[in-house]
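What TrEMBL annotates here:
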- 98-117: transmembrane segment (TRANSMEM)
- 101-319: domain 'CWH43-like N-terminal' (DOMAIN)
- 167-185: transmembrane segment (TRANSMEM)
- 197-221: transmembrane segment (TRANSMEM)
- 227-246: transmembrane segment (TRANSMEM)
- 266-286: transmembrane segment (TRANSMEM)
- 298-321: transmembrane segment (TRANSMEM)
Amino acid sequence: MPARDRTSLQNTLPLKREEENRGRSVLPGKPERNNIFCTHTHTPRSVKLGGRGKQEEGFERKVFSKKNAGTRKERTIALAFTTGYFFKPELCMWRKDVSLPVFTITGIWVVYAMALYNKHVCPVDNWVYNQSCEDKLSLQRGPVLCCTLDNVPLISKCGTLPPESCFFSLICSTGSFMVMVIGLLRYGLVIEKHQNCVLNTAGLSTGWICAAGLIMVGNFQVDFAKILHYVGAGVAFPTSMLFVCLQSALTYRLAKTQGEYSMGHLRLGLTLLAFISLVLSGVFFAQESFTLQHASAIFEWIFCIIIMLFYGTFAFEFGGVSSNTLMVLARGGGAQGGLSRSSSGRKAEGLGGPGHLQHAVEGIAML
């Protein structure tokens, strides 16, 4: 080959390679070396596995190079999404929803174990109580203990004295925050997937009121601030019962598949059990009988555990939480704030651009 042709070929090869690189798609996990900003948007894509076409939800990789990175603000927005596959809103929200019943149920039993170890309450299996005892329960020794009504193992009684009162306040405060977050996410998810309604707004309101009452219960111990403690309990227990009733009715109203109806049946069963436990606990608590007082404490424990398990059922729906849900909440919700089914496809086409990333980051920052 003549030297002139070889020189011309060497000059054209880099141009062809550059054109090929421009048209080549970047695979997930293998970004180009020249690209420094990578973002992922949660959009469905079709991939082939094992020779068979399967539809799965993945992350469409968008690359911003140094040349097209834009302004410093756009580069900052792109850098916020460089976490790639680790930024999965639905996985984070699913874990948050499951952590509420796990953390709360475990926490209150730890508080009970501490109170029992320090002899601040009597065991749950003890049904014998006396009008008075010679020594306080904490000073008694021996396998047989003399218990009074002050030692009934109510949840509030277990968290009255230190050190368990500190853990009880921490559990109630953290649990109330989780209740607010879960209620807000449930509110936004219903708007995004369906539309806003009275049941959805009422469910959010009752959930937040319940969280406020739970904070009062945890931070005002019954032996030292009885009025405030009972006010908090009077707010938390009825509103938590009303919350599960509204969410059960909302589940049936929005159900369209067999699985959604099955979830409605499960929540309805938990709601009925919680209602029976709450009524029996309140009726027995107002009685003077020692046996009924102890039964009231047991039904109170059952009621709280059922309510926490009810919150855990939201994990099945929170698998669909995405950045769109956060954007709905950032815009204030409402009927116009959600993504309707008819317009969800058009809005999905715009995912991944700098403008969408900017709004998503600003929405998350507002939350």
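Positions of Cβ are set from backbone N, Cα and C atoms, glycine also.
Automated prediction, rather than curation, is the source of TrEMBL annotations.
Counting Cβ pairs under 8 Å to the transmembrane segment (266-286), the stretch among 98-117, 167-185, 197-221, 227-246, 298-321 with the most such contacts is 298-321. Nonlocal intrachain contacts for the transmembrane segment (98-117), taken as residues 6+ away from its ends with a CB within less than 8 angstroms of a stretch CB, comprise 123-124, 153, 155, 157-159, 161, 163-164, 167-168, 170-171, 174-175, 178-179, 182, 301, 304-305, 308-309, 311-312, 315.
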